[in-house]
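Asks: Take a look at this one; I'll ask things after.
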Amino acid sequence: MPITASPTIYAAAAVAAYLVLASLVLSDRMAWLIPSPAGRAFAFVLLCLIPILDEVYGNIANLIFVGGIGLAMLVMSGDPRTRGGTVAEIVTVLVLGLSGPLSVMFAPFFIHRWFRNGRTRHSLLVLATATVTAIVQLAVYLNSTRSGTEGSGSIGILVRTAGYRVGGGWLYGTDDIIVVDGMHRWVQVNTMLWILAVGVVTLYALPKVAVAAWTLFTVLLVAPTMAYGDVFLSGGLILQRHLITPTAIALVLLVAVAFQPHARQWIRSIAIGCLLLGAGAVVSSFPLYAHETEPQMDRVQACLNSDAPRCTVPGHPKGWTTTLNG
């Protein structure tokens with residue numbers, strides 16, 4: 001296979017992985033939360049159309065954050081009914097848990113799943129698997145020397161991140177209007193009202209589910225908020241990778257309320273309204289735009305085909321090069 005095909009294969013593999021993880025919401029194991037197959041299909045479509053996917057969609061390097069969506073869906077799932085399903089879930093939790101530090105934050109919520117599913121043997125095994133991966137990831141983190149984050153987070157920044165970045169991401173996508181400096185007051189109000197409405201509606205309609213889900217939502221935002229501080233609020237494109245799972249949780253909860261047959265009609269209407277308010281951002285962020293500088297893979301292929309002991313190929317951004325040794 002020619003190396004010129006590698007960018008396409010890379011992007012296709014990353015997109016496929018995202019779709020597979022998002023498709024977990026389609027499972028009938030989510031029927032206890034979203035009884036209608038149409039509702040689960042709608043949730044899947046929304047997960048595929050989250051406006052703030054620029055950083056992670058089609059990017060294998062950020063699949064550890066996309067894996068958060070998969071872990072969130074598994075935390076919300078019932079137990080599988082087949083032996084193949086049980087094995088597949090254990091393997092999935094193991095792979096996703098070892099792929100990044102998110103497992104440290106997710107592990108306690110598998111305890112909630114264990115109780116919710118009737119303290120079954122399988123949910124206990126899933127909990128044990130998640131716990132092992134969390135211990136491994138925590139050990140790696142504690143022995144690492146990574147530094148460079150701001151470390152100036154606060155509760156105020158956490159609240160604004162939930163409103164401006166999660167709520168703002170759904171309402172306005174990556175529009176620069178989300179930048180805090182010079183932000184219009186009505187945009188601040190809109191984003192905070194949206195996240196507040198989502199919280200109130202879901203907690204009212206699904207209290208037992210929503211309390212755990214919103215706790216997970218908060219935990220997932222606390223770590224990056226404390227690490228990056230005000231950087232989190234510096235623009236709509238910044239650190240999106242930390243926002244996709246909290247956004248996915250909020251959307252799935254809204255869909256659950258909207259398709260809940262026993263919920264009051266006015267509650268369902270508010271949930272539907274909160275979802276529809278994101279239509280503009282979804283539509284505006286849907287088109288894909290080619291990068292202004294295309295990768296010169298033909299030159300890389302020519303380099304590989306040559307007999308030269310070494311050749312250098314210009315890259316992106318300008319001034320970067322790739323040197324290949326024969």
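Quick reminder: no glycine exception, Cβ is built from N, Cα and C everywhere.
The transmembrane segment feature in TrEMBL is assigned to 7-26, 32-53, 60-78, 90-111, 123-142, 186-206, 212-231, 243-260, 266-289.
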Asks: Would you confirm whether the transmembrane segment (266-289) and the transmembrane segment (7-26) meet the contact rule of 3 or more C-beta pairs below 8 angstroms, pairs 6 or more apart in sequence?
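Replies: Counting Cβ pairs under 8 Å (6 or more apart in sequence), the transmembrane segment (266-289) does not reach the transmembrane segment (7-26), since there are fewer than 3.
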Asks: Where else in the chain does the transmembrane segment (60-78) make close Cβ contacts, counting only residues six or more beyond its ends and a cut-off under 8 Å?
Replies: 10, 13-14, 17-18, 21-22, 24-25, 27, 29-33, 47, 89, 92-93, 96-97, 99-103, 106, 109-110, 112-113, 117, 126, 209, 213, 216, 220, 241-242, 244-245, 248-249, 252
Asks: Mind checking which residues of the chain, 6+ beyond the ends of the transmembrane segment (186-206), have their Cβ under 8 Å from one of its Cβ atoms?
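Replies: Answer is 33, 162-164, 166-168, 170-172, 177-178, 213-214, 250, 253-254, 256-257, 260, 263-264, 267-268, 270-271, 274, 277.
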Asks: Are there residues at least 6 beyond the ends of the transmembrane segment (123-142) whose Cβ is under 8 Å from a Cβ of it, and what are they?
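Replies: For the transmembrane segment (123-142), the nonlocal Cβ contacts are 74, 79, 89-90, 93-94, 96-98, 100-101, 103-104, 106-107, 110-111, 113-114, 117.
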